Each structure stands twice: as C-alpha cells, then as structure tokens.
Amino acid sequence: MGRFFLYAFLLLATLFFLLPVYLVILTALKEPAKITLDTVWRWPDPVYWESFKIAWDAFRPKFQNSVVLALSATALSALVGALNGYVLAKWPFRGSNLLFALMLFGMFIPYQSILIPLFQFVKAIGLYGTLWGLILVHVVYGIPIVTLIFKNYYSEIPDELVEAARIDGAGFFGIFRHVILPLSAPAFVVVAIWQFTQIWNEFLFAVTLTRPESQPITVALAQLAGGEAVKWNLPMAGAILAALPTLLVYIFLGRY
C-alpha cells in the first residue's frame, strides 16, 4: 500500500511538472487570435503549424551558431578537463592539491561578478563579437567542473595500470592515449551532457560578448519574445525548437 501511494505521488508530481510543457505546446499550435485566457487549456482546432516555420526562419542562423558553439566548446573543455584530471589523479606534484582547490574555486564565481573584466579581456585579445570569443569563454568557465568530474573518475582507475604501462616504456601521453582514454567513455558522456546543456542554454555571455551575426539561439529566442505586442505562439514554438537539441543529446547519450 505504501508503494502504491509513493507511485501515485510521483505520477501526480510528474503530471504537475509537465503541465507547463503541455501549455507551451498548446500555445505554439494556436493562431495568435485564438490565444486567450478562456481557451488557454483547449486543444487548437485547426492546428496552426505556421508558428514553427516562422520561428525556424528567424532561428536558422542563430541555430547554426549555437551548434558550432556548443559542439566546439564541449569538445575543447572535455579534452582540457580530461588532461587536467589525468595529471591531478595520476601524476600528482607538489602543490597539485592547492592548484586543484583554486581551480574548483572558479565554480563558485558568479557570472555577473566577472562580466566586466571578462568583456575587457575578450575585447583586448580581439575576439569580442566573434563566436570564437564566446567559445573561449565557455571552455575556460567549464574547466573547473569538467576537471572535477575527470579527476574523480580517474582516481578510481587502479594505479597499477599506469605503473605497468610505465614499466612497458609508455610515456605521459602514451599512457593517456592507450590506457586512460579507452576507459574514459562514461566520464566523457557525463561531461558532454553537462557542458552541452549549459552552453546551449546560456544567455548572459551570449548577449554581452557577441554581435548580431554571431549570437546563439538563446538571444534569438529573447528577441522573438520581445516587443510590446507579443504573438505568444512564436516564442512558444521557438522554445520548443530551442529545447530539442539538448533533449536529443540527453536521450542519445543517456543510454551510456
């Protein structure tokens, strides 16, 4: 009986959580004139698919920017984090624990507190307004959490494997390539899901450090919802389109 009530509670909680998603879908499928408080929960008749076409036409260049941004920054931060975690877990040196602690401190620095100096730095190196400047920011800002994930994962790999590889003549990069990397798939999956989701959904850096031609999809979504007279079907359709890539990444990589 107790398990029945637990499952019933979880089912109700799930339905309650999905209500906003259902409302977003309903609104996206309605014509602007039919979006009223009286019909907010009513299924549209007929279904208005034009919202998605209009939203996609507005999103397409920004969507491409987001794909390049998220894939590049995720791959680079994963590679840097894997090397950092490998060094800290298997090649410790004097001061490595202090360096790791200072690195983790970066996880607790709010975006807003470093925005002005970050803007000045990106502008000074000539990357302000470019997609590569935004990629660099996300790679650097993702290093602490990615390093933490890889260090904790590599710490569970027996040191005897590394010692055996060293006895066989493998060097630093040889051990990393032939011993550590083949065992790293679960850590890379976790990092890929986390970093891709964070980078894809980030807005503050995207709107501050880019120009219109290099802005990602989050900025386009905000612009789609801007203005005094909002056609609510468009931002709702845009929100669905913007959420699909992260959902697909989670579904695909979540199996691993």
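Cβ coordinates come from backbone N, Cα and C, glycine included.
Here the structure is a predicted model, which means the values were calculated and not measured.
The domain 'ABC transmembrane type-1' feature in TrEMBL is assigned to 63-253.
Annotated transmembrane segment per TrEMBL: 67-86 (among others), in sequence order.
Distant neighbours of the transmembrane segment (98-119): 84, 88, 128, 137, 141, 143-145, 147-148, 151, 204-205, 208-209; these residues of the same chain sit at least 6 beyond its ends, with a Cβ under 8 Å from one of its Cβ atoms. According to TrEMBL, the transmembrane segment annotation covers 98-119 (among others).
Under the heading transmembrane segment, TrEMBL lists 125-150 (among others). Listed by sequence, the residues of this chain that lie at least six past the ends of the transmembrane segment (125-150) yet keep a Cβ under 8 A from its Cβ atoms are 65, 68-69, 72-73, 76-78, 80-82, 84-86, 88-89, 100, 103-107, 111, 118-119, 184, 187, 190-191, 194-195, 198-199, 202, 205-206, 209-211, 214, 216.
As annotated by TrEMBL, transmembrane segment applies to 171-194 (among others). Residues 74, 77-78, 81-83, 85-86, 90-91, 145-146, 149-150, 153-154, 157, 161-162, 165, 249-250, 253-254, 256 of the same chain lie 6+ residues outside the transmembrane segment (171-194) yet bring a C-beta within less than 8 angstroms of a C-beta in it.
Sequence-distant contacts of the transmembrane segment (234-253), counting only residues of its own chain at least 6 positions beyond either end whose CB sits under 8 Å from a CB of the stretch, comprise 24-25, 27-28, 51-52, 54-56, 58-59, 63, 66-67, 70, 189, 192-193, 196-197, 200-201, 217-218, 220-221, 224-225. Taken from TrEMBL, the feature transmembrane segment applies to 234-253 (among others).
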